[in-house]
Number of protein chains: 4
Amino acid sequence: MCAISFYIQFANTEDKQEFSKYPTKAGRRSLSRSISQSSTDSYSSAASYTDSSDDETSPRDKTQVNSHGSIDFCVKNIKQAEFGRREIEIAEQDMSALISLRKRAQGEKPLAGAKIVGCTHITAQTAVLIETLVALGAQCRWTACNIYSTQNEVAAALAETGVPVFAWKGESEDDFWWCIDRCVNTEGWQANMILDDGGDLTHWVYKKYPSVFKKVRGIVEESVTGVHRLYQLSKAGRLCVPAMNVNDSVTKQKFDNLYCCRESILDGLKRTTDIMFGGKQVVVCGYGEVGKGCCTALKALGAIVCITEIDPICALQACMDGFRVVKLSEVIRQMDVVITCTGNKNVVTREQLDRMKNGCIVCNMGHSNTEIDVASLRSPELTWERVRSQVDHIIWPDGKRVVLLAEGRLLNLSCSTVPTFVLSITATTQALALIELFNAPEGRYKQDVYLLPKKMDEYVASLHLPNFDAHLTELTDEQAKYMGLNKNGPFKPNYYR
Amino acid sequence: MCAISFYIQFANTEDKQEFSKYPTKAGRRSLSRSISQSSTDSYSSAASYTDSSDDETSPRDKTQVNSHGSIDFCVKNIKQAEFGRREIEIAEQDMSALISLRKRAQGEKPLAGAKIVGCTHITAQTAVLIETLVALGAQCRWTACNIYSTQNEVAAALAETGVPVFAWKGESEDDFWWCIDRCVNTEGWQANMILDDGGDLTHWVYKKYPSVFKKVRGIVEESVTGVHRLYQLSKAGRLCVPAMNVNDSVTKQKFDNLYCCRESILDGLKRTTDIMFGGKQVVVCGYGEVGKGCCTALKALGAIVCITEIDPICALQACMDGFRVVKLSEVIRQMDVVITCTGNKNVVTREQLDRMKNGCIVCNMGHSNTEIDVASLRSPELTWERVRSQVDHIIWPDGKRVVLLAEGRLLNLSCSTVPTFVLSITATTQALALIELFNAPEGRYKQDVYLLPKKMDEYVASLHLPNFDAHLTELTDEQAKYMGLNKNGPFKPNYYR
Amino acid sequence: MCAISFYIQFANTEDKQEFSKYPTKAGRRSLSRSISQSSTDSYSSAASYTDSSDDETSPRDKTQVNSHGSIDFCVKNIKQAEFGRREIEIAEQDMSALISLRKRAQGEKPLAGAKIVGCTHITAQTAVLIETLVALGAQCRWTACNIYSTQNEVAAALAETGVPVFAWKGESEDDFWWCIDRCVNTEGWQANMILDDGGDLTHWVYKKYPSVFKKVRGIVEESVTGVHRLYQLSKAGRLCVPAMNVNDSVTKQKFDNLYCCRESILDGLKRTTDIMFGGKQVVVCGYGEVGKGCCTALKALGAIVCITEIDPICALQACMDGFRVVKLSEVIRQMDVVITCTGNKNVVTREQLDRMKNGCIVCNMGHSNTEIDVASLRSPELTWERVRSQVDHIIWPDGKRVVLLAEGRLLNLSCSTVPTFVLSITATTQALALIELFNAPEGRYKQDVYLLPKKMDEYVASLHLPNFDAHLTELTDEQAKYMGLNKNGPFKPNYYR
Amino acid sequence: MCAISFYIQFANTEDKQEFSKYPTKAGRRSLSRSISQSSTDSYSSAASYTDSSDDETSPRDKTQVNSHGSIDFCVKNIKQAEFGRREIEIAEQDMSALISLRKRAQGEKPLAGAKIVGCTHITAQTAVLIETLVALGAQCRWTACNIYSTQNEVAAALAETGVPVFAWKGESEDDFWWCIDRCVNTEGWQANMILDDGGDLTHWVYKKYPSVFKKVRGIVEESVTGVHRLYQLSKAGRLCVPAMNVNDSVTKQKFDNLYCCRESILDGLKRTTDIMFGGKQVVVCGYGEVGKGCCTALKALGAIVCITEIDPICALQACMDGFRVVKLSEVIRQMDVVITCTGNKNVVTREQLDRMKNGCIVCNMGHSNTEIDVASLRSPELTWERVRSQVDHIIWPDGKRVVLLAEGRLLNLSCSTVPTFVLSITATTQALALIELFNAPEGRYKQDVYLLPKKMDEYVASLHLPNFDAHLTELTDEQAKYMGLNKNGPFKPNYYR
């Protein structure tokens with residue numbers, strides 16, 4: 001969640017696993033699963049038309065055919081296509097930036113010739129992305145980056161229109177890799193672009209189909225984890241294709257962190273605990289973008305917020321924004337709510353948990369699920385009581401209760417939702433990155449990991465302005481000259497964030 | 001005021017003057033004078049003990065001696081030293097960061113051996129800086145960067161304690177260069193460090209004393225203009241010493257722009273017009289840091305604010321922060337206040353001024369004084385009426401009045417004050433930059449223009465935290481390792497701002 | 001929700017039903033039911049331990065006995081008492097004001113001799129109230145004011161400890177009145193105090209047991225509807241006992257309206273639509289306390305809010321708070337969200353619904369469920385599509401969708417929750433009103449409807465301050481004399497609100 | 001400043017002076033003078049065209065005649081009329097509500113026959129009021145309520161147009177009463193309405209011209225002091241005419257307190273101390289309307305604000321608004337700024353002043369100038385140093401400095417300005433009150449002190465809405481009936497505030 005921390009983390013730490021030292025399945029899977037869970041939650045409010053008493057036959061064992069006679073897909077039930085289409089149509093209404101991109105670029109087909117394999121969550125929003133890529137000329141094959149998050153009816157709708165999709169909700173470990181392989185390994189068709197979320201697809205191609213990998217024109221990677229793996233590969237000198245890190249674009253970062261968290265901290269706390277914010281004493285650990293978002297929202301609703309920081313520049317900003325900067329131990333006894341947003345680990349320790357007052361709520365908005373030392377709470381003298389989904393009371397021997405949300409995992413993914421608008425920004429960024437890499441003149445991008453060029457970043461932003469009926473001002477020639485700028489941007493230097 | 005624009009401007013424009021193509025006196029002087037004026041205003045609230053019926057003899061024609069018998073200085077009246085000392089003492093109370101630095105570094109005398117020539121505004125705050133440099137081991141000689149801004153009694157107090165100061169309020173053009181020369185050109189003492197604000201001193205040494213210039217260990221430059229001149233020199237391959245651009249440090253930038261403008265927009269408008277903010281319709285042109293500061297403050301006080309932007313990323317931020325993004329022409333008729341913060345020119349045109357409603361207030365918080373096309377208002381059909389200092393009514397033939405503040409110059413410098421706290425941040429940054437350049441191992445800094453290293457930037461911030469009774473958290477060893485950070489920072493990557 | 005409107009409404013309208021002109025069952029029931037529904041929703045997040053496959057025998061047909069051998073109660077299942085006790089214990093943790101009142105007044109037993117019949121929602125929070133009344137010396141008999149809102153296990157827990165409770169979830173119309181009668185009509189016990197929520201119990205006693213009614217020492221009424229009925233009775237000269245309107249206490253009003261709505265507008269919108277607030281154009285109809293709460297919260301989260309008002313004083317406040325005051329028709333086409341908080345009817349008309357843009361969200365935070373003309377939407381050319389609980393898409397022939405929340409009923413009751421803290425304020429107010437009426441010297445209260453005395457109102461507030469660790473300042477004798485105040489209050493004049 | 005406190009104070013205190021027990025001149029004068037001073041300050045920013053080297057002849061000794069030949073006036077210099085006219089014209093631009101009233105009511109001349117004696121500050125704004133009264137049909141004679149606050153050129157302009165004005169800046173005590181007498185005591189003209197600010201004129205007529213007093217149709221009183229004196233007179237049974245207290249109208253109160261103080265606290269602090277608000281620790285004593293205004297503004301600019309309160313209802317509101325409620329002694333050591341807004345005395349004691357930290361700023365926004373125990377600071381061990389107008393440093397023996405503003409008098413009057421918009425609201429309220437009293441049918445108003453009827457209050461508000469381009473919604477007939485309201489108001493019950 002906190003871009004800057006990630007950079008620091010990945011840039012400086014020496015003891016990183018190399019990409020090729022593949023994590024054990026167990027390890028990776030459990031990581032993946034914890035993300036799965038979050039992701040599943042995050043889409044939980046979407047209607048599901050999947051009959052729960054659905055037949056239990058594995059999709060791999062069924063023969064299905066779409067109305068055009070194709071059997072090159074594997075989904076739960078092709079008959080759900082109509083329901084899925086409706087979901088996609090509703091999603092389109094909130095993703096006007098992609099639709100607009102579709103219209104603007106449809107004539108020139110900038111992805112004509114692109115053969116994209118994709119591995120992402122398969123939801124209505126992703127479907128809008130895929131169909132946009134197709135509209136721009138690409139051929140796509142798709143699989144899921146998560147064994148739980150597929151919306152079956154959406155997968156069916158895609159398959160029905162002819163996109164080879166290999167994914168269903170509730171895949172096994174084995175299914176997961178089988179689907180990836182089916183996606184890549186097909187006769188008479190060789191991928192030349194990769195769109196990945198987590199790095200599993202990239203890894204699979206790299207390992208199993210090195211000859212395909214070498215001919216890929218570009219990789220677009222969405223997740224922190226996947227980006228990390230790419231940087232490792234690059235460091236090890238094994239990245240033989242240009243890759244684009246779309247996780248760290250300015251627009252996406254602002255939305256994922258500042259704007260999204262400003263809303264989801266309230267939503268996550270309210271849905272789980274029905275807390276009244278007015279007058280509550282809250283400590284927010286970390287005053288990066290996520291922390292800033294949380295503090296702004298809580299203060300606006302009448303909470304009394306203080307912060308902890310390790311970095312004097314952020315601390316000084318907190319002061320100027322009206323927040324007391326404290327050490328956690330100084331204030332822990334008085335707090336009603338403790339929120340972590342540091343990207344670090346053991347920010348809230350067992351000793352501090354011991355000193356919290358009865359009823360104190362503890363949750364994590366940061367990156368890692370080790371910010372709160374939850375493991376230390378799994379000890380015999382403490383009783384865990386699950387009072388609602390995602391809400392545990394940890395009860396001390398003297399009866400004191402601490403309210404732990406989402407077991408210390410990301411509150412905003414576990415207990416809130418990601419607005420479609422934010423997903424639209426991500427999807428648009430992915431589409432533009434694919435276009436950029438596919439169309440870049442030979443040699444512009446080397447075998448390295450790139451950030452999205454500022455101009456594309458600005459274009460993503462501009463495509464979303466109509467949602468707000470916002471009207472940009474255009475530089476006059478004279479002004480552009482005075483500023484030394486091109487009238488169409490980029491307006492920001494590359495290091496701007 | 002707007003760092004980013006400057007970068008863009010200087011980085012991209014081709015038609016820049018070379019440093020060696022020295023501007024004509026007239027040109028430079030008028031620039032300098034417009035800064036002078038602002039600067040004078042900005043310190044106007046400081047008490048002045050200078051008798052206005054002072055003798056009119058030029059300081060250059062007087063022989064003065066301080067109580068230690070020294071005559072190596074030239075100030076208005078050495079007898080004012082006691083008043084100046086009191087001013088300095090009061091300033092010290094608000095500049096605890098420098099005092100703290102003085103105490104921490106006094107033992108090791110990190111500037112022992114440094115011979116610093118300085119050319120800055122000479123005020124009580126500068127005196128605290130100079131005396132800190134002396135306390136850290138430096139020898140200093142000082143002159144004024146502005147012919148109007150010297151506080152005579154402060155200059156006297158410095159001279160009395162033995163700092164050779166050459167400056168007084170109301171110097172002539174000739175005096176100005178004479179003072180600079182006296183500062184540099186002295187027997188038995190050769191400067192090895194330069195602290196400059198505007199580049200005049202640097203230029204003088206470069207031109208007149210090339211042998212001195214070559215042996216200088218470092219230049220610290222404070223102003224946009226001076227930094228610009230250094231970059232030009234560097235580009236032209238003529239910068240033979242390392243220089244540090246302290247104008248663009250993160251801490252300084254945040255304070256100069258966001259935090260300072262958040263307060264000075266209110267102060268500047270109130271002092272000049274007594275406007276009530278509640279319910280006023282305001283358009284802010286430009287949503288960079290300055291614009292953000294203005295918008296935040298005005299919205300908080302009940303104004304209804306909309307913005308104009310050329311950059312979609314900033315525009316999207318404005319939307320998410322709750323401001324309508326409009327074109328100026330769409331809204332100009334309804335506005336009660338128009339504020340420019342773009343760094344660009346002709347942002348408010350004569351045509352737009354013609355369409356403003358009666359009583360509309362127009363002012364500039366941005367960099368250049370050409371943001372409002374004031375020149376276009378100096379035409380025969382319009383009547384100018386000065387109603388207060390810094391406030392003109394421009395009257396149209398039909399009786400409509402537009403209220404122009406500070407003739408379109410910087411409102412926050414002309415009609416508000418710069419808080420001592422902000423000056424403290426600047427002075428501390430300058431001191432640390434001098435220490436860094438003077439102590440850096442041979443070869444660390446090349447013949448180039450550098451930004452302040454993040455670690456020093458963080459140190460400036462940390463020295464100011466005690467003002468807020470803010471308590472930083474320290475990383476545990478385990479956490480530092482996990483984050484890949486040194487426990488003492490830097491915590492931010494170099495590109496952070 | 002909007003106290004002021006109610007007053008106006010009831011004070012000025014001529015054509016009010018008299019209390020004795022009893023509404024037809026159908027009419028009353030449907031009113032009651034709409035309240036029921038809301039109320040049920042509002043407690044929906046509380047855990048329910050009631051087995052849904054519970055036996056279907058009516059509680060009236062079962063013989064149950066508690067562990068003390070009593071059969072003087074009628075609940076769903078006395079065996080659920082233990083679950084209910086746990087719920088009550090959890091509620092106690094958030095209702096420290098009542099617990100504190102219990103402790104302070106337990107010695108003097110201010111309700112010794114009080115025989116209270118109560119008719120309210122039966123929830124864990126109410127149980128804390130009832131047990132407080134008992135602790136203060138009262139005898140209580142209780143029934144439910146709503147056929148859906150009873151928490152069966154809480155009713156069981158109360159019955160188990162000896163409070164005669166007659167209530168269960170899912171009563172029939174006939175059950176409802178049977179329970180009320182059983183509550184009042186019992187041998188050897190005659191009520192002398194009434195605590196009512198809606199006026200049904202009061203009406204029943206007034207009609208069926210006039211001799212009991214005459215001897216009652218006081219009625220405490222909680223709801224707008226019940227208060228209205230009391231004022232009518234009083235106007236008609238038939239109120240022969242003092243009654244206290246606790247709905248309009250300052251503390252309760254501030255929480256029910258301003259503070260509660262400030263949070264629930266966000267929560268209600270988010271839970272139903274997952275909307276992102278940043279940059280959304282919102283119009284709030286009505287700038288009373290509810291409107292002020294909504295506007296504050298939405299503006300703080302980055303929405304662009306304008307308001308409509310009929311009252312120039314409120315309109316001027318909106319201006320000064322930074323909101324444009326518009327007519328709904330002027331802005332309806334641009335709005336993303338329309339919120340009503342007027343207490344009036346047909347504030348949003350069909351014509352305006354016709355002009356809304358695709359995706360516009362419409363909801364009601366005001367009192368009446370006729371603020372939005374929902375009836376006009378039930379016409380053949382429009383399609384209703386229920387997309388989630390409480391969320392309908394109304395689809396126009398051209399495909400435009402308007403998103404209607406809770407069918408125009410109160411959003412904050414239907415789609416959000418009432419925080420326990422607010423319920424605590426209500427319950428404490430009720431307890432103090434009972435104490436006041438029961439202990440008032442003969443003649444202090446006439447046969448009229450009273451507001452809670454300011455001193456009691458202040459006491460309710462003071463009992464809740466420890467939740468915030470707030471420390472009141474005490475007047476010195478000298479100061480109290482100077483202000484003409486008693487050191488212990490009341491500090492406010494009676495007309496303060 | 002704080003209406004509620006006044007009510008309490010005057011309603012409850014036993015030891016009130018009776019109106020007839022006229023304060024000694026010394027006493028009254030000193031009160032008046034302290035008000036004078038403030039008032040003078042408050043208009044200090046208005047341009048003054050009075051030549052300071054003006055002739056020193058007392059206006060009483062000069063014979064002046066206006067261009068119409070009239071000598072029925074006494075001003076400093078009738079020749080300044082033209083300058084005054086210009087001032088009045090500028091003021092008219094900001095007082096469009098009065099101009100609008102003038103236009104609407106000019107036809108029906110609602111004040112035809114009214115003979116008004118007025119005693120107020122004589123400023124450009126007052127002139128707009130007076131000329132409005134004349135335009136509505138009234139005959140006016142005017143004098144100043146304050147010996148310092150008259151704008152001589154405005155008085156001249158009024159005299160020139162034929163309004164008999166008796167006032168100049170710098171009157172003596174004797175002049176003051178002479179002017180009042182000349183105003184009342186004139187042949188062939190007998191006042192039938194009084195407009196007063198402070199009660200001096202009312203007292204004079206009551207005492208000296210009892211026969212005139214008895215025939216007056218109404219008194220409109222603006223000030224707290226004057227209202228107090230009227231209530232005393234009424235209590236004593238000696239008020240034989242109806243009087244209207246315009247000080248406590250809702251609109252005026254909101255602006256004088258909440259909205260005005262929200263801006264003037266920032267302005268007052270900034271102009272005097274150039275303080276930077278961000279991160280400052282501030283305690284505000286009293287959370288009434290004035291305190292709420294101060295807290296809102298300071299919090300918005302990044303200060304960390306806590307409050308002290310004696311009243312639990314206000315304290316609870318402070319909690320919900322996000323402010324810690326503390327006792328002053330608990331926090332005094334940490335505070336950067338202490339602000340009183342209580343209406344009480346000795347809120348900040350010498351003991352607390354002793355414990356403040358170096359540099360702490362202390363000021364008063366409340367009613368009385370005894371909120372800070374300034375007297376206790378006038379003791380030999382403390383040194384007072386005046387560092388600027390309105391700013392004293394109080395220096396303790398150990399060197400600690402406390403910064404006292406305006407010697408504890410009202411900061412917003414002493415060190416800020418009252419916006420014309422607020423004066424417009426006051427003047428409009430006065431005009432409407434005069435119209436109401438003059439036109440009320442016999443018997444509607446008894447010999448008592450009245451608040452402005454809500455309908456007039458609402459009318460004042462509505463006249464100011466066009467300044468904000470605000471558009472009121474009008475009730476439909478159906479809605480008005482449903483609400484039991486008249487379509488034209490009043491919309492608020494009389495007790496609303």
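In case you wondered, yes, glycine gets a Cβ from its N, Cα and C as well.
Source: prediction; values computed, not measured.
Features reported for this protein in TrEMBL:
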REGION    D:18-67  region 'Disordered'
COMPBIAS  D:32-51  compositional bias 'Low complexity'
BINDING   D:T123, D:D197, D:E222, D:K252, D:D256  substrate binding site
DOMAIN    D:257-418  domain 'S-adenosyl-L-homocysteine hydrolase NAD binding'
BINDING   D:G288, D:E289, D:V290, D:G291, D:K292, D:G293, D:E309, D:N412  NAD(+) binding site
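Features as recorded by TrEMBL, highlighted on the structure.
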| residue | record | Cβ neighbours (10 Å) |
| --- | --- | --- |
| D:T123 | substrate binding site | 24 |
| D:D197 | substrate binding site | 27 |
| D:E222 | substrate binding site | 26 |
| D:D256 | substrate binding site | 24 |
| D:G288 | NAD(+) binding site | 22 |
| D:E289 | NAD(+) binding site | 23 |
| D:V290 | NAD(+) binding site | 31 |
| D:G291 | NAD(+) binding site | 31 |
| D:E309 | NAD(+) binding site | 29 |
| D:N412 | NAD(+) binding site | 27 |
Query raised in the report: Taking every residue in the domain 'S-adenosyl-L-homocysteine hydrolase NAD binding' (D:257-418), what is their average pLDDT?
Result: 94
Query raised in the report: Where D:D197 (substrate binding site) and D:K292 (NAD(+) binding site) are concerned, what is their Cα separation in Å, rounded?
Result: 27
Query raised in the report: Compared by Cα position, which of the binding-site residues D:T123, D:E222, D:K252, D:D256 is the closest one to D:E289 (NAD(+) binding site)?
Result: D:D256
Query raised in the report: Could you give the maximum C-alpha to C-alpha distance in Å for the residues D:G288, D:E289, D:V290, D:G291, D:K292, D:G293, D:E309, D:N412 that bind NAD(+) per the record?
Result: 21
Query raised in the report: Counting distance between Cα atoms, which of the binding-site residues D:T123, D:E222, D:K252, D:D256 is nearest D:G291 (NAD(+) binding site)?
Result: D:D256
Query raised in the report: Where D:V290 (NAD(+) binding site) and D:D256 (substrate binding site) are concerned, what is their Cα separation in Å, rounded?
Result: 9
Requested in this report: Just name the binding-site residues among D:G288, D:E309, D:N412 whose Cβ comes within less than 8 Å of a chain C Cβ; none is a fine answer.
Outcome: D:E309
**Report entry** Rounded Cα-Cα span from D:D256 (substrate binding site) to D:G288 (NAD(+) binding site), Å
**Finding:** 12
Report summary line: Taking every pair from D:T123, D:D197, D:E222, D:K252, D:D256, which the record gives as binding substrate, the longest CA to CA distance in angstrom is 19
Query raised in the report: Non-local Cβ contacts of D:K292 (NAD(+) binding site) (under 8 Å, 6 or more apart, same chain)?
Result: D:L258, D:Q317, D:D321
Requested in this report: Compare the C-alpha of D:T123 (substrate binding site) with the C-alpha of each of the binding-site residues D:G293, D:E309, D:N412, and give the closest one.
Outcome: D:N412
Query raised in the report: In this structure, which of the binding-site residues D:K252, D:G293 has the fewest other Cβ atoms within 10 Å of its Cβ?
Result: D:K252
Query raised in the report: Taking the Cα atoms as reference points, how far is D:D256 (substrate binding site) from D:G293 (NAD(+) binding site) in Å?
Result: 10
Query - Cα proximity to D:E222 (substrate binding site), best match among binding-site residues D:G293, D:E309, D:N412 - result: D:N412
Requested in this report: Round to a whole number and give the Cα-to-Cα distance in Å for the pair D:K252 (substrate binding site) and D:N412 (NAD(+) binding site).
Outcome: 16
